[in-house]
Each structure stands twice: as structure tokens, then as C-alpha cells.
Amino acid sequence: MAYERFTSAITLLMHWRNRLDPYWKLARGDRPVGFLLLLWPTWWALWLAAGGVPPWWTLCVFTTGIWLTRSAGCVINDYTDRWLDPHVERTRIRPLVTGAVSPRNALLMFATLMLIAFGLVLTMNQLTVLLSVVGLFLAMTYPYLKRYTYLPQVYLGLAFGWGIPMAFAAIQGKVPTQAWLLYVANILWTTAYDTWCAMVDRDDDIKMGAKSTAILFADLDLTVQGVLYTLMLFTLCLVGLRATLSHTYWISLIAAVALIGYQFIIARRREPTACFRAFMHNNWVGMTIFAGIALATTH
């Protein structure tokens, strides 16, 4: 009898696991690097704004909110890309393409995730709540950009970095110049690393009429990325000077230079697999810079 109950419980768990698995994949729960690429810049901002470890509730709200909004962004991105994803090698097995998740359920999932995230934001001050409305607009409009402009990666930077001014607003009640410098650095970084991802899909995107910085930059892609990364690091130097950060921050920037250089080495032939590795490698760049900021602001 006990064995039968145990077997029934396992069967039920497997049933729900199989039912929920497509939704987990739709939210990119199986691919945490995207979450981390959004997390690190927000943590940069939280630690800089607080001058050290931020208040625990603010840290919890932003960390959870990042996961929720990133997941929601992936859902709405796949919903709007239903015309494109079946024709792109990297995306043709996504749940909306295979029919594992219906478009209606995807929209319900997006709305649910955003409502939970907004509920968390409501525990912050008024300025943070107002800024979150802009963040919602950026998240909802980004997926449509690849139809109309070659710069969706720049717009992704605007959306991915919006947690930076929100973090300063939540802790300081204002968004100082330092926050906007950090925001600009993140836009440059996001544009650079997402261009690696766009290079993976470039041939398929050209066939389908989609647009990206990889298509715009063409043979100059590596050169322009080098410029973007250089400008990002220069802007981060301005952030460090303005915040009078200690030597650990500057050491982290030197380490970031080495990590970025490695990306160009592995992707120098523009092979799709190598370009995707370079994209994923940016997680280490973000983590290294965060470590430098955290150590530099520890008293």
C-alpha cells in the first residue's frame, strides 16, 4: 500500500514536471546566463548607491524582480518572434514554435510575471515605482525593434540597464550623474555582447528580413565591438573616479579587459558556436566588475 502511494506521488510529480517544463524553458529558466547578465549591472548599482551592502529588502526586491522581469521579457520576446523563430536554427525548438505553449498562455504568463514584479516594486519609494513604468515600456517594446531598426541590441541595453537608475532611486531617492554614467556603460556593454549573439543568427536573420547590429556592422563587426567595449571600460573608469573607488575596482577592470580580449580570440573566425561562447563569457565580465565594486565599497 505504501509503495503504491509512493509510486502514485512520483507519477503525479512527473506529470506536473512535464507540463510545467515548457513554461520553464519559455522563461529561460534552464539558461541562467541571461538572468546573470541582467543581475550584475543592477548589483553594481545597488552596491555603489549604498556605498556597500544594500538594505536586505531592497536587495531581495531587485534580485527577485530581475528574475521575474527577465523571464517576462523572454516570454514576450518569443511571443512577438513567432514569425521569425521557426526559421532560425537556434530558436526553432522554442516552446511557442513547437506548440508546447499556446500564444494565449504565453501572454497570461507574461502578465502574471510582470504583475508579481510590480507588486514587489510597490514596496519601494515613489520615484522607483514611476521609473518601473518606463522599464515596463522598454521590456514590452524591445521585441518589435528587430523588424524596423538595425539597432535592437542598443535598445536591449536601454531595457537591460534600467534597473540601474531604479536601484539608485530606491536607495538614495534620486538618480545622480554617477547612475547615468553606469547606465551608459551598461548600454555599451549590452550592445557589444548581444552583437555576439546576433552574429550567431545573422545568416538566418538576413533570409527572414530581420535586423540586427551584426547585419549593420557586417565585416566591421569585430572592430565596432572593440570600440564598444573600449567605450564601456572608459565609462566605467569615469564611474570609478567619480565614486573614488579603491584599487580593487581598478584591478577588476584590468581583469575585465583580459576577459574581453579572450572573447575576441575565441570568436575571431566568426563561427556561430564560438560567437555564442563569447556571448556567454560576458557573465564572467559582469561578475568580475561586481567583485571589484563590492570589495571597493566594503568598509
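Cβ coordinates come from backbone N, Cα and C, glycine included.
With a threshold of 8 Å between CB atoms, the same-chain residues lying at least 6 positions outside the transmembrane segment (33-53) that come near it are 59, 62-63, 66-67, 69-70, 74, 160-161, 163-165, 167-168, 170-172, 178-179, 182, 186, 189-190, 193, 239, 243, 280, 282-283, 286-287, 289-290, 293-294, 297-299. Among the features that Swiss-Prot reports, transmembrane segment is placed at 33-53 (among others).
Taken from Swiss-Prot, the feature transmembrane segment applies to 56-76 (among others), supported by sequence analysis.
The transmembrane segment annotation in Swiss-Prot covers 107-127 (among others), and the record cites sequence analysis as its basis.
If you look up Swiss-Prot, you'll see 151-171 (among others) marked as transmembrane segment.
The annotation transmembrane segment is assigned in Swiss-Prot to 180-200 (among others) on the grounds of sequence analysis. Sequence-distant contacts of the transmembrane segment (180-200) (same chain, six or more residues past either end, CB-CB distance under 8 Å): 37, 41, 44-45, 48, 90, 153-154, 156-158, 160-162, 164-165, 212-215, 217, 221, 224-225, 228-229, 231-232, 235-236, 238-239, 242, 263, 267, 270, 272, 275-276, 278-279, 282, 285-286.
Taken from Swiss-Prot, the feature transmembrane segment covers 214-234 (among others).
Residues annotated as transmembrane segment in Swiss-Prot, with sequence analysis given as evidence: 247-267 (among others).
The transmembrane segment annotation in Swiss-Prot covers 278-298 (among others) and rests on sequence analysis. Non-local neighbours of the transmembrane segment (278-298) in the same chain are 33, 36-37, 39-41, 43-44, 47-48, 50-53, 189, 193-194, 196-197, 200, 236, 240, 245-253, 255-256, 259-260, 262-264, 266-267; each lies 6+ residues outside the stretch with a CB under 8 Å from one of its CB atoms.
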Near the transmembrane segment (107-127), which residues from the same chain, at least 6 beyond its ends, have a CB less than 8 A from one of its CBs?
23, 26-27, 57-58, 61, 64-65, 68-69, 71-72, 75-76, 79, 101, 136, 139, 169-170, 173-175
Dominant neighbour of the transmembrane segment (247-267) in 56-76, 151-171, 214-234, by Cβ pairs under 8 Å:
214-234
Mind checking which residues reach the transmembrane segment (56-76)? Cβ under 8 Å, same chain, six or more beyond either end.
26-29, 34-35, 38-39, 42-43, 46, 106, 109-110, 113-114, 116-117, 120-121, 123-124, 135, 139-140, 142-143, 159, 163, 166-167, 170-171
